[in-house]
Amino acid sequence: MEPKFWQERWARNQIGFHLPEVNPYLLRHWSHLSLADDAKVLVPLCGKSLDLMWLASHGLRVMGVELSEQAVETFFSEQSLTPHITRRGAFTVYQADLLEVWCGDFFALGAEDLADCTALYDRAALIALPPLMRAQYAEHLNTLLRPGCQGLLVTLDYDQTQKAGPPFAVTDDEVAVLFGLKWTLEVLEARDILGESWKFVQDGVTRLDERVYRLVMR
């Protein structure tokens, strides 16, 4: 899956993955993390998510990472924010108060970029990636983040033979393989959401489960 794929999705406004509201799982489960009041939160593949604003509104320092320049500029425009724009290595960084969005390739991040990140929020990053890239993504997080980091991870699970991704199916077993050696994993919530997902029903999917994990890096 090349960067061009996502850039074209944004250019065509094919962004069904975008939620027009703060994610309910974030509202329900962020309090399960034991974080400093001003913790820095990494939000990979953030798009123009309203979750960024919610996190910043709670005094957290937010570091979104997004490939699409259009997504980043749309986010700041829609939130009526005028960012300060700088270059940091391979990234263009848009900053407004507690909020930073790094525009560029997530895989170009180095350990120094994430040195003060003590929290992770992944609502739509892992499930946006095909299998090989999921392994690379997890390994990147496992390598760059530090012990004690805590996070929320949201996944979808369905029969991948019934529908092509994205979003891709990620099983509980795969989460354990990707993160189990480095993180303590706890399922906070699991729901059957097929009845709420007409597009999946239309495509012939017969099972659709959403899970929310609490992760603590060891």
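Backbone N, Cα and C define each Cβ position, glycine as well.
Pulled from Swiss-Prot:
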BINDING   W10, L45, E66, R123  S-adenosyl-L-methionine binding site
Taking the Cβ of E66 (S-adenosyl-L-methionine binding site) as centre, how many other Cβ atoms lie within 10 Å? 26
Can you tell me the three-state DSSP label for E66 (S-adenosyl-L-methionine binding site)? strand
